[in-house]
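Novice: Quick one: the structure is below, questions incoming.
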Amino acid sequence: MAQQTISAAAARRTRPASVTARKVLASVVFYIVTIVIAVCMFLPFFWSLITSFKPSDEIFSVPISWLPSRITFEHYKAAFTTVPFGLYFYNSFVLAAAGVLCNLFFGSLSGYAFAKLDFKLNKPLFRVLLAAMMIPGIVTMIPSFYVLKHFPLIGGNDLMGDGGNGFLNSFWGIILPGASGSFAVFFMRQFFLTLPSDMMEMARIEGCPEFRIFWNIYLPLTKPALATLSIFTFQAGWNSFLWPMIILNDPDKATIQMGLQAFSYNYQTDYGPMMAGALIAILPILILFLLLQKYFVQGIAFTGTKG
Amino acid sequence: MSSMGKLNKHQARTAYLFITPTMLLFAAFTIIPVIMALYLSFTNYDVVSRMDFVKFDNYKRLLQDDLFWTTFKNVAFYSVIFIPLNILISLLLAMLLNFRRFGVKLFRTMNYLPTLTSAVAAATVWIWLLHPEFGLVNNLLSYVGITGPAWLAQTETAMFSIIMVTLWQSVGSNMVIYIAGLQGVPDYLYESAKLDGATAFDRFRYITWPQLRPTTFLVSTMSIIGALQLFDQAFVLTQGGPGNVTKTPVYLIYQQGFNQLQMGYASAQAFVLALAILIFSLINMRLSKSEEPIV
């Protein structure tokens, strides 16, 4: 008994020193590990950036040179002059922005209806939309192409959808299938559910038309959700590759991802311009992220908790 | 009472008006395509000539198509390595960066940056990083005396290169999902476990892991759906080569449907792939339900 108290007292006396030592050691290990991981994750960005600024002869040197002897912009010039990168950039921007606008408008319009308005088919229709989110894209790829090609009265088609090319080779072929994504509807509905309904009733008593209740009262309250949704829609639109490649044949309508792929395929040894092109393709999303980081994290946390 | 009914009717009319654009687009680009997907797989649709019903011809041909099954084998190999690593690495990163320490937010941001890149841009950058002679990876390896392989040109390493690139691109967002999950685990569970003398591993095994089950289910489901439909990276990094070892089902469907215009046959392939995705998602659902309940 007595011995126990003594050893306990001894332990108490030595504890502070060993505990602080352990804490310091844990901190050191923590920072070493996290820094090594972060450097590994960041290294590809760093290396492509360095490569894009290096003079051509330094790109191919063994051993590798970590920093360029002088900074040159020739690769950026080359990327924009060998292929119309500016045009591709513009095309991608138009497509991504159109996708954002359509999804914000249609998504919040029907999200509001599903969350706030009473109608018989509310639950069944919403369930169908939700279930459709689970359908893998590969199932609808070829039939969607068929639907776009044989869309009645569009692009030289007759009423039966024959004779022309429909929406093929036009931006509509990319904008329309994604104009009101199920995710946008679901996301906006969840947000509208958190808003109180009494404002709606008050406005109705005052005789406010339904669309104005939505547009002037509720929509302005969803700005954070709209910001998050636009970021994700923009990123998806900007980064999409396979579908634009299927729909757009005209080189003048190519997106930046298609242009970059063609460039890296056709100019296989021009690593300088290739890295410059890749960085240009990443830049808009990177800027968006740095400006609106808060909304990015909120959006992913949302999918994590509600999904 | 009657005015109440009128109001409801008016509300319902507005609601249907509001959802009309969404439902029309949904019908045109989801409902009709899903129904057509099955029908097209029984036809010889090729865009140019007349479409005929060919019954099970496409499926019969598919059974004997070695290349098709090779692509399945490739993507299975990819998934078996990619999905567990994806879950493991993002969970470890999340647990590491869930500590409240100075600079943790910056580290999270650094790990998240790769997920912002498009598949094409990421693959383009990695083509250069994996260059056998002048690439960064092999030069770093040479510092420690290892002669790196020609990553993208050798059959043994081509698929591993794709796994590496896709992991680099995907662990960041899954890490954020896991961090959100970890922050939802109530603290009192850990505190009472500590009082009961549970070791760190016990706490992970009996508290963290079971509590994160919904999160793991979400991450694994998305990984399965994404992994089985691998295309962008395989298309840009290796063009399906060398010797078809990185050719994936979606790649083959794209070539069959849009380069060779055999859309009927490609539809049959797509249908089989969708079935595979469904089966593996269901197995995954079963697995995550069958684990023992929390506490």
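Cβ atoms are placed via backbone N, Cα and C, with glycine included.
TrEMBL: automatically predicted annotations, no manual curation.
Annotated domain 'ABC transmembrane type-1' per TrEMBL: A:89-292, in sequence order. Residues or ranges marked as transmembrane segment in TrEMBL: A:24-47, A:93-114, A:126-147, A:167-192, A:213-234, A:271-292.
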Novice: Which sequence-distant residues neighbour the transmembrane segment (A:126-147)? Criterion: at least 6 residues beyond either end, Cβ under 8 Å.
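Specialist: Tertiary neighbours of the transmembrane segment (A:126-147) are 114, 168, 177, 182-183, 185-186, 189, 242-243, 246-247.
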Novice: For the transmembrane segment (A:167-192), I need the partner stretch with the highest count of C-beta pairs below 8 angstroms, choosing only from A:24-47, A:93-114, A:271-292.
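Specialist: Comparing A:24-47, A:93-114, A:271-292: A:93-114 has the most Cβ pairs near the transmembrane segment (A:167-192).
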Novice: Checking distant contacts: for the transmembrane segment (A:93-114), what same-chain residues at least six beyond its ends satisfy Cβ-Cβ under 8 A?
Specialist: 122, 125-126, 171, 174-175, 178-181, 184-192, 214, 218-219, 222, 226, 229-230, 233-234, 236-238, 244, 255, 284
